[in-house]
Amino acid sequence: MSQPSLLVLYGSQTGTAQDTAQRIGRQAQRRRLQVQVLPLDHYNVASLISESLVVFVSSTAGQGDPPDNMKNFWKFVFRKSLPVGSLRNLDCAVLGLGDSSYPKFNFVAKKLQKRLLQLGANALLPVGLADDQHDLGADAVIDPWLDAFWEKVFSLYPSMAAVIPLREDEPLPPTYTFHFLDDVSEKTEDRLRIPTEQSVPSQSRPFPARLVSNCRVTDSSHFQDVRHIEFDISGSDIQFSAGDVVMMYPCNAPEDVQQFCELLRLDPGATFSLRATGSTAVPPRLPQPCSVRHLVEKHLDVAAVPRRSFFELLSTFATNEVEKEKLLEFSSAAGQDELHSYCNRPRRSALEVLVDFPHTTAELKVDFLLDLFPEIQPRSFSIASSLLAHPQRLQILVAVVRYKTKMYKPRRGLCSNWFASLDPQAQGAVYVPLWVKKGSLKFPKEKDPPVIMVGPGTGLAPFRSAVQERIAEGKHDNVLFFGCRSESKDFFYRSEWEEKMEAGHLTLFTAFSRDQEEKVYVQQRVRENAELLWDLIANRSACFYIAGNAKDMPTSVCDALKEVFQQEGGLSSEEAEQMLLTMESSGRFQSETWS
């Protein structure tokens, strides 16, 4: 058989699957294969019948949903009308990236592999199930899976054995080249783009919403800064329902932008145009021409913890022996524990890595910036308000992420700290480009079923939206379990809940974990109200929702709910488990959790 060409298709929500797909692409280039790497929705899926070798890399979003950039592919590939055997000429492999702390671990990759086999494709390997929870992260699965994949490809295409691959320390050509311009003002691309024609705001056409207010809602003595943030969406044509989420791109901090430009000896005001060296399109979010400041502030994710691919590429520029040796160690499968200790555990940023490797940083060429640094990914927030209660407004509840590691500087969440820096009182009009998409929580349209919601901390946000919306629609059977540390310090929207309780539109149960010697959590309140919950669920077909941190809370609440079924309904533990599964499959039990 002749030499194959490889197609790598990915579905990525946060950029991890994209990074892995690009890594496979680089491995193929080193083996001198013709390769194309694309998001699944940028590929004409009807052409799949004429492909011979494809790797699919996919993460799982939400509660077992496909990532946004493969949703159209997903709909197409599951069409019942597709003939069985239509992909019989396709050799493929599916690699899933997931997190086993979520109930639908790698659901998309498993389902995709099954569907490809139904359509007649030949799977070269069992589906790869990478797990973020592994001590060494996803690479603990990805590395051996990739070794097995290349072994299989070499056995299928014996002619590849004669090819001498590129050495690992030889840099591959850059994906783009920078062409600096002399006479273009930096201000050309930084003007606010107000959409001219009417179209629903989307990722490619976000709406510049004016920031109306940005208020701290935790007591000043409380360790955590949580913000209630409100946007004016007048004239946007944005519509949303309870459970929907708002998306936006954060910006890097000005001091990080300045430090980055100094380290790489770049003039922030310099303007360039970007040209692709192959068939890859120029990133759509980058204006042409573009300033260095705009590129670093709004596009390059310099504050993120870098992935292994960053060290692999960085090592190809290193001429200093000490630095090169260390970078090669961090790039190798054997050096992953070292890399985790250096990078992941202390949450060291890519910018801090550049400082630690000064000789290599001095060797970096500007053309490789977009290969080295991933694009800043959009962040999603549950909408915490209803248009029926707050017309033309969109509100969110944001915990500002700051914590200590062994690093000298405290670690800061990029988006939440960017929000914290926005102050319309001091800065004048502040606009944030945003768009809305459907969330995973769906509330009943009918008036009858009661709704039970468990939302500790900022998990409260989608339920505030739901309660406002339901009350405006005359739906008054609303039960809310809310938990926080202290009644006086982080009881969000307290007066609002008290008004709704007084009006008879809400039943509220609270758990303030640190206000007494023995900690109290929402799951205890669920157990204490077993009789009420059983009546609502068993006799009145109530829907049950959980939102919040994925660590322990969702599992503990589910366990408490199953105990309610056993205690009040006389069910065995197996029957209680089955009842919860039946509620889930019918949409009467839903959860939205994040890590």
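From the backbone N, Cα and C atoms, a Cβ is placed for every residue, glycine too.
Look at TrEMBL and you will find 12-17, 59-62, 97-106, Asp132 tagged as FMN binding site. Using a 10 Å Cβ-Cβ cutoff, Gly62 (FMN binding site) registers 21 neighbours.
Cβ neighbour count for Leu414 (FAD binding site): 21 (other Cβ atoms within 10 Å of its Cβ, all protein chains included). According to TrEMBL, the FAD binding site annotation covers Arg347, Arg379, Ser380, Phe381, Ser382, Gly413, Leu414, Cys415, Ser416, Trp594.
Positions annotated as NADP(+) binding site by TrEMBL: Thr458, Ser513, Arg514, Lys519, Val520, Tyr521, Val522, Gln523. When Cβ atoms from all protein chains are considered, those within 10 Å of Val520 (NADP(+) binding site) total 16, not counting its own.
TrEMBL lists 6-150 with the feature domain 'Flavodoxin-like'.
The domain 'FAD-binding FR-type' annotation in TrEMBL covers 204-444.
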Gly15 (FMN binding site) and Leu414 (FAD binding site), distance between Cα atoms, whole Å: 15
Spatial separation of Ser380 (FAD binding site) from Arg514 (NADP(+) binding site) - C-alpha basis, Å: 29
Residue, out of the binding-site residues Ser59, Asp99, Ser416, Tyr521, Gln523, whose Cβ gathers the largest set of other Cβ atoms within 10 Å: Ser59
Closest of Val520, Tyr521, Val522 to Ser382 (FAD binding site), Cα positions, binding-site residues only: Val522
Binding-site residues (Arg347, Arg514, Lys519), the one with most neighbouring Cβ atoms at 10 Å: Arg347
The domain 'Flavodoxin-like' (6-150) - residue tally per DSSP class, helix then strand then coil: 58 helix, 35 strand, 52 coil
